[in-house]
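Summarising the annotation, Swiss-Prot assigns ATP binding site to Gly39, Arg40, Ser41, Gly42, Ala43, Gly44, Lys45, Ser46. Here Swiss-Prot flags 7-250 as domain 'ABC transporter'.
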Amino acid sequence: MSSSATLEIRGVSRRFGKNTAVSDINISIPQGQMVGVIGRSGAGKSTLLRMINRLVDPSQGSIFFDGAEVSRLRGSPLRRWQRDCAMIFQQFNLVPRLDVLTNVLLGKLNHRSTLSNLLGMFSRAECAEAVAALERLDIARTALQPAGTLSGGQQQRVAIARALMQQPKVILADEPIASLDPLNAKVVMDSLQDINLREGITVVTNLHTLDTARTYCNRIIGMAAGKVVFDGPPEELNREAVRLVYGADSSGAEISEAITSTSVAFKPKIAASAGPLEPAFPGY
């Protein structure tokens with residue numbers, strides 16, 4: 001990989017039957033950017049990421065990384081690309097019955113020989129690398145627990161540790177915080193940002209929330225109806241841009257930016273009445 005490997009999406013579309021999920025997308029992402037892709041449900045965000053990783057093939061157009069076309073890869077070259085382009089999912093995609101350490105070690109499968117994978121044995125160095133990844137995500141204490149016993153936030157951090165084991169050049173995160181509470185969402189986004197800043201790994205993450213995208217991403221891409229309707233730095237995501245991305249509700253009113261917030265809000269306590277309690281149903 002060159003020192004300035006670029007992910008390029010050229011005229012990419014994806015159709016499912018008569019429905020067009022993604023339409024004529026053209027994006028160039030230099031190495032080291034942290035990109036937030038925002039938009040309403042059904043805007044085409046997940047389909048875009050799945051095409052980049054080649055979980056879904058484009059109906060037309062091409063995808064390049066570091067000058068090589070990845071949209072035509074098959075067999076071993078495709079597996080190498082999916083190793084280099086790690087995917088993090090909303091629903092974690094862990095093996096619940098396996099312990100956390102083994103789930104993280106599975107990120108090494110595409111680095112190993114077929115025989116080693118069939119034997120199911122990992123080296124001491126690989127185990128040490130997996131533990132280090134868990135320590136970095138502050139969940140090493142869960143290493144021997146079944147992954148299915150962890151909270152959602154912990155499971156997502158395990159998924160990030162597994163992605164790190166792939167030694168990726170690109171990380172794609174498909175709605176990584178959609179099922180998490182605000183505090184766990186912050187931990188997950190802090191982790192992705194740390195990886196981006198420390199390793200210089202390109203991170204592209206789908207997000208529903210504007211405040212999260214503005215806080216963590218140095219570039220925001222807005223999608224609506226399968227098309228890119230905004231592409232720029234967070235400071236350019238103004239009211240008009242938000243309207244283009246999120247549109248209006250069924251009554252025609254503009255979508256309020258407040259409803260896309262993940263901020264933790266605390267409701268003020270209501271002082272209890274000092275007077276005697278009255279029965280709700282007198283006579284009972």
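Glycine is no exception: its Cβ is also placed from the backbone N, Cα and C atoms.
All features noted in Swiss-Prot, drawn onto the structure.
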residue: Gly39; record: ATP binding site; Cβ neighbours (10 Å): 26
residue: Arg40; record: ATP binding site; Cβ neighbours (10 Å): 15
residue: Ser41; record: ATP binding site; Cβ neighbours (10 Å): 9
residue: Gly42; record: ATP binding site; Cβ neighbours (10 Å): 14
residue: Ala43; record: ATP binding site; Cβ neighbours (10 Å): 26
residue: Gly44; record: ATP binding site; Cβ neighbours (10 Å): 24
residue: Lys45; record: ATP binding site; Cβ neighbours (10 Å): 26
residue: Ser46; record: ATP binding site; Cβ neighbours (10 Å): 21
Where Lys45 (ATP binding site) falls in three-state DSSP terms: helix
Cβ-based neighbourhood (8 Å from the centroid) of the ATP site, residues Gly39, Arg40, Ser41, Gly42, Ala43, Gly44, Lys45, Ser46 excluded: Asn206, Met223
